[in-house]
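**Q** Have a look at this one before I ask anything.
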Amino acid sequence: MKFSALFAASALSTASAFAPVASNNRAATSLNVWGDKDYLIAPSILSADFAKLGQEVDNMLEAGADVVHFDVMDNHYVPNLTIGPMVCKALRDHGVTAPIDVHLMVSPVDAAIQDFIDAGASYITFHPEATNHIDRSLQLIKNGGCKAGLVFNPATSIDYCEFVKDKLDIILLMSVNPGFGGQAFIPATLDKAREARKFIDDNGLDCRLEIDGGVKVDNIKEVAEAGVNMMVAGSAILKEPRTKESYKETIDAMREQLAQV
């Protein structure tokens, strides 16, 4: 990924300096997309060319993507350092109105949650291991007007969901170990997806089941058949030759596979 470590560190270290954005910024974003599409495709900008991030996001959205997936890593909870709320706000200032799905791989999470609410996030998810008070952190997200969710690493049980199910808009399953893009899909995640789908359906939840890691054209149908309805795909979409046409070709191929489910 073409991204400066200095810029990344600055983006994270200055997070607390953000003042709340004006309410009209929030009103301009699209938050309620749950009922319109069976499947949402969310390219991860972790695989974008950061030298031209605004154009990359414009291209992927014009190519048919539904959601901007925004991976935040702190070189503490995970062994990598990426981007902070300044970049989220920059995308909003650039004119991005599509939902921004912020996946926080940081610990502790509460300060970052508030910073991303202020920066214009639409959805915010975090790992239960990264907070001492899961319910409180979920409440913070929802009180800020965002959709809230929990993220589960490959070896983490989804049992955490049971006592906070009234606050869950998203359950995100990691199908790779968090920290780096371009990893291979872990097949056992499909069993966990079927378990999570049963949990959502048995409890009648209005909740998206999301998956992140190694999703490609050749496995997206199998992922959907396991009950997943929001797919994060980074390097499978955002790759050379990095044109709107090439992104559309991949997204269209994914849609064709999903139409067969």
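Glycine too: its Cβ is placed from the backbone N, Cα and C atoms.
All annotation found in TrEMBL is predicted automatically rather than curated by experts.
Dumping what TrEMBL says about this protein:
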type     : residues                                                              : note
SIGNAL   : 1-17                                                                  : signal peptide
BINDING  : SER44, HIS103, GLY179, PHE180, GLY181, GLY182, GLY214, GLY234, SER235 : substrate binding site
BINDING  : HIS69, ASP71, HIS103, ASP212                                          : divalent metal cation binding site
ACT_SITE : ASP71                                                                 : active site, proton acceptor
ACT_SITE : ASP212                                                                : active site, proton donor
**Q** Look at the binding-site residues SER44, SER235 and tell me which residue has the greatest number of other C-beta atoms within 10 angstroms of its C-beta.
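**A** Of SER44, SER235, the one with the most crowded Cβ is SER44.
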**Q** Compared by Cα position, which of the binding-site residues HIS69, ASP71, HIS103, ASP212 is the closest one to SER44 (substrate binding site)?
**A** HIS69
**Q** Measuring Cα to Cα, how many Å separate GLY181 (substrate binding site) from HIS69 (divalent metal cation binding site)?
**A** 12
**Q** Between ASP71, ASP212, which of the binding-site residues has the fewest other CB atoms within 10 angstroms in the structure shown?
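**A** Looking at the binding-site residues ASP71, ASP212, the Cβ with the fewest others within 10 Å is that of ASP71.
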**Q** Highest Cβ count within 10 Å among the binding-site residues GLY179, GLY214: which residue is it?
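**A** Result of the Cβ crowding comparison: GLY214.
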**Q** Checking the binding-site residues HIS69, ASP71, HIS103, ASP212, which are within 10 Å of SER235 (substrate binding site) at the Cα level?
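**A** Qualifying among HIS69, ASP71, HIS103, ASP212: none.
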**Q** Return the member of HIS69, ASP71, HIS103 nearest to GLY179 (substrate binding site) in space, with distance defined Cα to Cα and candidates limited to these binding-site residues.
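**A** That would be ASP71, nearest by Cα distance.
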**Q** Using the Cβ center of HIS69, ASP71, HIS103, ASP212 as the divalent metal cation site position, which other residues in that chain lie within 8 Å, going by their Cβ?
**A** ALA42, SER44, LEU46, PHE70, ASP101, THR125, LEU172, VAL232, GLY234
**Q** Taking the Cβ of HIS103 (divalent metal cation binding site) as the reference point, list residues of the same chain whose Cβ is under 8 angstroms away and which are at least six residues distant in sequence.
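**A** The answer is HIS69, PHE70, ASP71, VAL72, THR125, PHE126, VAL151, LEU172, ASP212.
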